[in-house]
Amino acid sequence: MRKIIIPIITILLIALDQLSKLWIVKHIELNQIKEFIPNIVSLTYLRNYGAAFSILQNQQWLFTLITIFVVGVAIIYLMKHINGSYWLLISLTLIISGGLGNFIDRLRLGYVVDMVHLDFINFAIFNVADSYLTIGIICLMIALWKEESNGNHN
């Protein structure tokens, strides 16, 4: 059952990411900011030619290689541990979805569409795929910590 559900969830997460980016591009002009939840979240449309926090601008070949490697390793690990803990499955599904969501942008557009601006903190503008990656990495750390505390060293 997991072999069916996980790919479906992955496709749905990628679709949500891509639809959010398409909506932003259609409804908000480049570099425009629109208040969404006052003093908490604004929406904007930025083109990110780099990585997180706009580092390594215009290094698309590097991001392509890194994404192929990370997503490939995550898929292989997921297939080998399909009966693993829910923390592990959730984390890998989110990492794969986030990586592929931004990868699609880079292949299709040559940049990643970013749109979420947190008004209450000075933080980088990000997108839904970035959120998947961040939450996925946190869940992976929890999964590995739980495995370690249970004496499971796979």
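Note that the numbers count up from 1, one per residue, in the order the chain is shown.
Glycine residues also receive a Cβ, built from the backbone N, Cα and C atoms like all the rest.
Remote same-chain partners of the transmembrane segment (4-24), defined as residues 6 or more beyond its termini with a Cβ less than 8 Å from a stretch Cβ, comprise 43, 45, 78, 82, 89, 93-94, 96-98, 100-101, 104-105, 113, 115, 127-129, 132. Marked as transmembrane segment by Swiss-Prot on the basis of sequence analysis: 4-24 (among others).
If you look up Swiss-Prot, you'll see 62-82 (among others) marked as transmembrane segment. Residues 2-3, 6, 51, 56, 88-89, 92-93, 95-96, 99-100, 102-103, 106-107, 154 of the same chain, all 6+ positions outside the transmembrane segment (62-82), place their C-beta atoms under 8 angstroms from a C-beta of that stretch.
According to Swiss-Prot, the transmembrane segment annotation covers 84-104 (among others).
Residues annotated as active site in Swiss-Prot, with sequence analysis given as evidence: Asp114 (among others). Counting only residues at least six positions away in the same chain, the Cβ atoms of Thr44, Leu46, Arg47, Asn48, Ala124, Ile125, Phe126, Asn127, Asp130 sit under 8 Å from the Cβ of Asp114 (active site).
What Swiss-Prot records for 125-145 (among others) is transmembrane segment. Beyond the transmembrane segment (125-145), the same-chain residues lying 6 or more positions past its ends with a Cβ under 8 Å from any Cβ of the stretch are 13, 16-17, 20-21, 44, 46, 48, 52, 84-85, 87-88, 90-95, 97-102, 105, 112-117.
What Swiss-Prot records for Asp130 (among others) is active site. For the recorded site, Asp130 (active site), the DSSP three-state label reads helix.
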Three-class DSSP secondary structure - Asp114 (active site): strand
All-chain count of other Cβ atoms within 10 Å of Asp130 (active site): 22
